[in-house]
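According to Swiss-Prot, the protein has these features:
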| type | residues | note |
| --- | --- | --- |
| DOMAIN | 1-77 | domain 'Carrier' |
| MOD_RES | SER35 | O-(pantetheine 4'-phosphoryl)serine |
Amino acid sequence: MDIKSEVIEIIDELFMEDVSDMMDEDLFDAGVLDSMGTVELIVEIENRFDIRVPVTEFGRDDWNTANKIIAGIVELQNA
């Protein structure tokens, strides 16, 4: 499974929201993510992709859309 599909699946599993048609929509403004959901999302991303997401790397503006989450994962995998 590619990163995009996996991120969509993670968000759907955690928040019961299909974001495949809203890849650039702000997930906080859309009510998909909140502070607690962000923690759940980070933990799941770390487990599934075997990466560590430093708190300093996870700013709301940097990871607020599905596409930005995907880009962040790719960046951390290549670090």
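In case you wondered, yes, glycine gets a Cβ from its N, Cα and C as well.
Not measured: the values here are computed from a predicted model.
Its own atom aside, the Cβ of SER35 (O-(pantetheine 4'-phosphoryl)serine) has 8 Cβ atoms within 10 angstroms in the protein chains shown.
Taken together, the residues in the domain 'Carrier' (1-77) have a mean pLDDT of 94 on the 0 to 100 scale.
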